[in-house]
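Annotated features, as they stand in Swiss-Prot:
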{"type": "BINDING", "residues": "G233, P234, F235, G236, S237, G238, K239, T240", "note": "ATP binding site"}
Amino acid sequence: MAQGKVARVNGPLVVAEGMKDAQMFEVVEVGEPRLVGEITRIEGDRAYIQVYEDTSGIRPGEPVFGSGAPLSVELGPGLLGQLFDGLLRPLGEIKEITKSPFIKRGIKLPTLNREKEWHFVPKMKKGDKVEPGDILGVVQETGLVEHRILVPPYVHGKLKEVVAEGDYKVEDNVAIVDMNGDEVPVKMMQKWPVRVPRPFKEKLDPSQPLLTGVRILDTIFPIAKGGTAAIPGPFGSGKTVTLQSLSKWSEAKIVIFVGCGERGNEMTDELRSFPKLKDPWTGRPLLERTVMVANTSNMPVAAREASIYVGVTLAEYFRDQGYDVLTVADSTSRWAEALRDLGGRMEEMPAEEGFPSYLSSRIAEYYERAGRVRTLGNPERYGSVTLASAVSPPGGDFTEPVTSTTLRFVRVFWPLDVSLAQARHYPAINWLQGFSSYVDLVSDWWIKNVDPDWRIMRDFMVRTLLREDELKQIVRLVGPESLAEKDKLTLEVARLIKEAFLKQNAYDDIDAFSSPQKQARIMKLIYHYNQYATNAVERGIPVKKIVDKITVVPDIIRSKATIKNNELQKYDELENKLKAQFDELLKEAGA
């Protein structure tokens with residue numbers, strides 16, 4: 001293993017000499033405090049190291065110790081419900097040891113608790129043939145998640161020994177595999193390098209929607225399990241609240257929340273609210289399915305890159321167990337800014353706006369780790385990693401490099417509009433700029449499981465909103481009175497779509513989460529309102545009279561916050577009222 005000396009210190013970048021045996025991306029310990037760093041460039045016997053802790057006080061001549069291994073994380077029981085820093089060190093345990101709210105430099109703590117015992121139930125027996133990814137046994141980690149202990153990738157052979165059911169620590173051997181004459185011990189935990197994607201048998205097309213309970217995300221711009229999404233938006237437009245809604249209410253079995261360079265208060269909000277909130281799909285506390293990686297804005301800049309890779313590696317580990325995983329990163333712009341900072345210190349040739357020229361390949365590497373896969377091992381199982389990331393363009397400029405590069409690699413775009421946020425329209429997703437490439441892929445699921453008319457109603461709503469935008473231009477020029485009655489109706493229906501469907505209060509107990517069935521019922525009411533009103537307009541009834549006489553519309557708008565997901569029969573009453581009022585209107589008009 002390489003051992004050298006510090007030659008130069010420039011913020012989080014340390015240049016060490018005498019490192020001719022070092023390797024790219026090798027983890028090293030820098031200086032007397034033994035700060036963790038990673039080699040990002042080698043020139044002769046000089047190694048350029050990005051240090052993941054504060055380098056204050058490190059001086060030339062101090063030793064640098066190589067580890068001979070890349071940056072790796074521990075994977076096993078004990079991850080769920082925990083809060084870690086960007087290097088996957090447990091923050092709760094660090095606080096207990098240091099008795100301080102701050103992380104001391106050079107502190108080394110394993111990710112997984114070595115003393116805690118887990119109840120292991122074997123699923124294979126002595127003499128069985130094992131392949132990478134086979135389920136050796138299970139541990140009930142939380143009330144919500146059964147942790148499956150897998151044969152590590154690249155281990156195969158015959159099971160020479162497997163322990164009996166009982167309580168074991170993560171470092172205990174639970175099996176011994178005879179691999180071509182060598183005895184390979186298998187522990188409950190395994191290590192994996194964060195920059196290397198975990199292997200799988202086959203990548204599949206995403207076909208099932210990842211339901212989020214947020215109406216505009218589920219219906220207008222749906223994301224599939226194994227999909228990629230970006231949420232760009234300026235300061236104050238609601239990125240964090242939208243991502244928190246995703247992590248709270250989405251149908252994913254596991255949620256990895258990575259706070260990358262954002263304010264610490266946002267992680268605090270999550271930590272305070274998650275233990276109290278119940279998962280709407282299972283009724284269990286949300287924290288039982290969540291892992292939080294906190295790398296806030298006051299932590300070292302270089303560790304932002306580590307936290308992004310750590311988050312996606314955790315997601316792949318749970319995916320390999322056969323789970324649908326959602327990884328939420330807030331925000332990838334801060335990671336890109338860290339790359340720019342380090343690139344500048346390493347005197348690399350800058351590209352657009354000072355970002356390094358390899359920005360696009362790094363962003364692509366990250367998003368390419370999403371997907372729905374058939375995993376290694378038996379029994380056959382399928383898992384997915386869905387990546388949803390916030391992007392924070394300065395001043396809301398979507399043409400800046402991070403946003404425009406991200407757009408090339410994601411298939412769902414949820415752009416936040418500050419003018420909608422100022423008008424108190426939340427979530428402030430611009431329905432004219434956004435897009436989803438998964439609509440065709442997930443339509444079959446909605447049609448089969450929720451409503452046969454789902455695609456017709458969804459397309460009608462999108463068409464109405466686009467037409468409303470065209471009509472607004474005319475109204476600005478010549479005023480609303482010049483419009484034909486059918487165009488006035490389009491404006492009224494678009495208003496109803498926005499008020500009754502697109503607007504959603506993330507802090508309302510009922511409105512925060514809409515089941516797929518509830519979403520379809522609201523859509524159906526709006527669709528029928530349009531049909532009945534179009535019929536009335538064709539019979540000569542002016543739109544103003546329709547608006548005055550159809551008094552059930554405010555009830556339809558309020559229904560999102562008054563009708564619970566298990567009270568859908570109340571929509572039948574609204575449907576009957578709507579029909580009765582239109583029948584009465586037609587009778588009065590003699591049409």
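The backbone N, Cα and C atoms fix where each Cβ goes, glycine too.
Other residues of the same chain near the ATP site, with their Cβ within 8 Å of the Cβ centroid of G233, P234, F235, G236, S237, G238, K239, T240, are S392, L416, V418, A421, A428. For K239 (ATP binding site), the Cβ neighbour count at a 10 Å cut-off comes to 25, with all displayed protein chains included. Look at the binding-site residues S237, T240 and count other Cβ atoms within 10 Å of each Cβ; T240 has the fewest. Here F235 (ATP binding site) comes close to S392: these same-chain residues lie at least six apart in sequence, with C-beta atoms under 8 angstroms from its C-beta. Take the CB of P234 (ATP binding site) and look out to 10 A: across all protein chains shown you find 17 other CB atoms. Ranked by Cβ neighbours within 10 A across all protein chains shown, the binding-site residues G233, G236, G238 are led by G233.
In three-state terms derived from DSSP, F235 (ATP binding site) belongs to neither a helical nor a strand segment and is classed as coil.
DSSP assigns T240 (ATP binding site) to a helix.
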